[in-house]
Amino acid sequence: MNKNFIESNLNKQELSFEVPLRPQCLTDFVGQDSIRDRLEVHIGAARQRGEVLGHCLFSGPPGLGKTTLASILSKAMESNLVLTSGPVIEKAGDLAGILTSLKTGDVLFIDEIHRLNRSVEEYLYQAMEDFALDLMIDSGPNARSIQVKLNQFTLAGATTRLGLLSEPLRSRFAFTCRLEYYDPMILQKILLRTSRILNVKIDSEAALEIAKRSRGTPRVANHLLRWVRDFAQIKANNYIDLSVANRALTMLSIDEKGLDEMDKKMLQTMIDHYSGGPVGINAIAASIGEEPSTVEEVYEPYLILQGLLKRTPRGREVTSLGYQHIVGSSQR
């Protein structure tokens, strides 16, 4: 069984099965109430004035709905959604090609916008403010600058690392928000909605148990539901109750706090090799065979939220709760 279930589902592109599960409007977007309310005002005001929607920046851990919100924006404004990501736009010409193809009102979604090349980012400033691009043609004594006018568009940026965005870029967004982890009761509602779409038979108690082990993340919750559905199909006559959910999740080695084998390996390694810390992120990553960015973006935020890990000026430390959880897990 895959011991990296969480990472495999948070560090990948959206699969085709997820598309019909995505909310189509703000009314269907459950949770993140304050963000939803603010977006209703932002969208409603732009529509009443007949203007293009102001640029939006969504930050927060992976899997919480940043891409979904960008899709909702485009539908609310009755425009097209164009998807790309920071690492894909390597040079100014790549950006120019995307921007010049946009129609008036289109929503350009740049995922991992913090990974944009700095030289490319500088071209984006003018595009966001003036809807124009100054491009250099030729080189040497024949070099000259031409200005390309752009159709007015909305940039929707998404980032898991807000601190890596430059201030000039951050300040050009009219709407900024941070998505937070979801409450289990909200995730239960999302799972029950998903079960109706996928025609999965599940009771509310089982849905809540899956929600509790989903790290506060809708994407993880939906993938867990798919796994439990498959388990129920083979082992439980296609019906998911609490017992079936527990058996299926135990097979994935996902515990009652939503930690998988890699989460526990990280804490165990810190305890065994570094006396619980403090220890630097690069040392942790090397010890468990992961990239530092994966540790920071996928594992660390949830462990901190659960009170199992803390950041200090000298590095990361396992908390007393973290010790208790690892000791308790090893005794079960």
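Glycine is no exception: its Cβ is also placed from the backbone N, Cα and C atoms.
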LEU21, ARG22, GLY63, LYS66, THR67, THR68, GLU129, ASP130, PHE131, TYR182, ARG219 bind ATP per Swiss-Prot; candidate in ARG172, ARG226, ARG229 listed for that same site:
ARG172
I'd like to know the mean pLDDT over the region 'Large ATPase domain (RuvB-L)' (1-182).
88
Provide, as an integer number of angstrom, the distance between the C-alpha atoms of GLU129 (ATP binding site) and ARG311 (DNA binding site).
37
Closest to ARG311 (DNA binding site): which of the binding-site residues GLY63, THR67, PHE131, going by Cα position?
GLY63
Tally of residues which DSSP labels helix, strand or coil - the region 'Head domain (RuvB-H)' (256-332):
48 helix, 9 strand, 20 coil
For TYR182 (ATP binding site) and ARG316 (DNA binding site), what Cα-Cα distance in Å is obtained after rounding to a whole number?
24
Of the binding-site residues LEU21, GLY63, THR67, PHE131, which one sits closest to ARG316 (DNA binding site) when you measure Cα to Cα?
GLY63
